[in-house]
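A quick write-up on the structure given underneath.
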Amino acid sequence: MGDWGFLSTLLDKVQSHSTVIGKIWMSVLFLFRIMVLGAGAESVWGDEQSGFICNTKQPGCENVCYDWTFPISHIRFWVLQIIFVSTPTLVYLGHAMHVIHKENKLRELISSPGSSRVLKVPKYSNEKGKVKIKGNLLGSYITQLVVKLIIEAGFIVGQYYLYGFVMVPMFPCSRTPCPFTVECYMSRPTEKTIFIIFMLVVACVSLVLNFIEMFYLLCTRIRCGSRAQVHKITSPENPASLGPTSPRWPTTEEALKQNKLNLEMESNQSIGGSLDGAKEEKRLLGGH
């Protein structure tokens, strides 16, 4: 397990910058992949080549048949799978650490006594370094999820085409320099089959967790976007508007101007009415 120490330390840092589902994925990776592979692989697969025996004494035949049957060892295949699946997560970790570093510098600039004007404030992290997955970080996080989905699915398909999902006890081989079609036998095929199925189930669980996490983030993003749109539509500047085609309510300044115009019109009408009444009264008096 000492060989996995550096990778485990890096992946442990990702937990503070991941969602709840991402933390579950990390637990699956640590417990059911790295630890099980490190603890049980050697005892199960230690005799992978030494226990591969063919019914011939022809020099080189067993080695050629083993190489043809297993182009890459199962253990090395799973190690490569863990490394490739973990790489997108480590790239996201680098992006998150870069964002935290930039925003920590921005906080130092804000708190410095000579900073009278600051154009922007930190929006991705708080003072404790906790990252909020939004904006560019959300795009980076979803991208690494998509890449992990593709890699995980690719390794599952690759394992099927390379070995299948069952370790058969006998392999016929007619490769050169074998003098005829020989039969080669693998030791403890049932135990190896159980281990293969276990690693396959863990890979499928990892695949499903990545899909659920991506679906969760996309739904959260859509819901937050809809909420922001509703907040924008029903903002104080436009409180009763229900959509872009609804009539715009006047602002306070426009309402005051309209009230002033209404008062002036009413005043003019009252003055005009008084003058007309005076003229009519004068005409009647003149007639008498």
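For all residues, glycine too, the Cβ spot is worked out from N, Cα and C.
Taken from TrEMBL, the feature compositional bias 'Basic and acidic residues' applies to 277-288.
As annotated by TrEMBL, domain 'Connexin N-terminal' applies to 43-76. Here the domain 'Connexin N-terminal' (43-76) has long-range neighbours at 37, 162-163, 171, 173, 175-180, 182-188, 191-192, 195-196, meaning same-chain residues at least 6 beyond its ends whose C-beta is under 8 angstroms from one of its own.
Residues or ranges marked as domain 'Connexin cysteine-rich' by TrEMBL: 151-217. Sorting the domain 'Connexin cysteine-rich' (151-217) by DSSP state (H, G, I as helix; E, B as strand; all else coil) yields 41 helix, 8 strand, 18 coil.
The annotation region 'Disordered' is assigned in TrEMBL to 266-288.
Annotated transmembrane segment per TrEMBL: 20-41 (among others), in sequence order.
As annotated by TrEMBL, transmembrane segment applies to 78-100 (among others).
Packing against the transmembrane segment (138-162) from elsewhere in the chain are residues 70-72, 77, 80-81, 84-85, 88-89, 91-92, 95-96, 200, 203-204, 206-207, 210-211, 213-214, 217-218, 221: each is 6 or more residues past its ends and has a CB under 8 Å from a CB in it. Per TrEMBL, transmembrane segment is recorded for 138-162 (among others).
The transmembrane segment annotation in TrEMBL covers 194-219 (among others).
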For this session: Count the residues of the domain 'Connexin N-terminal' (43-76) that DSSP assigns to helix (H, G, I), to strand (E, B) and to coil, and report the three numbers in that order.
Result: 15 helix, 2 strand, 17 coil
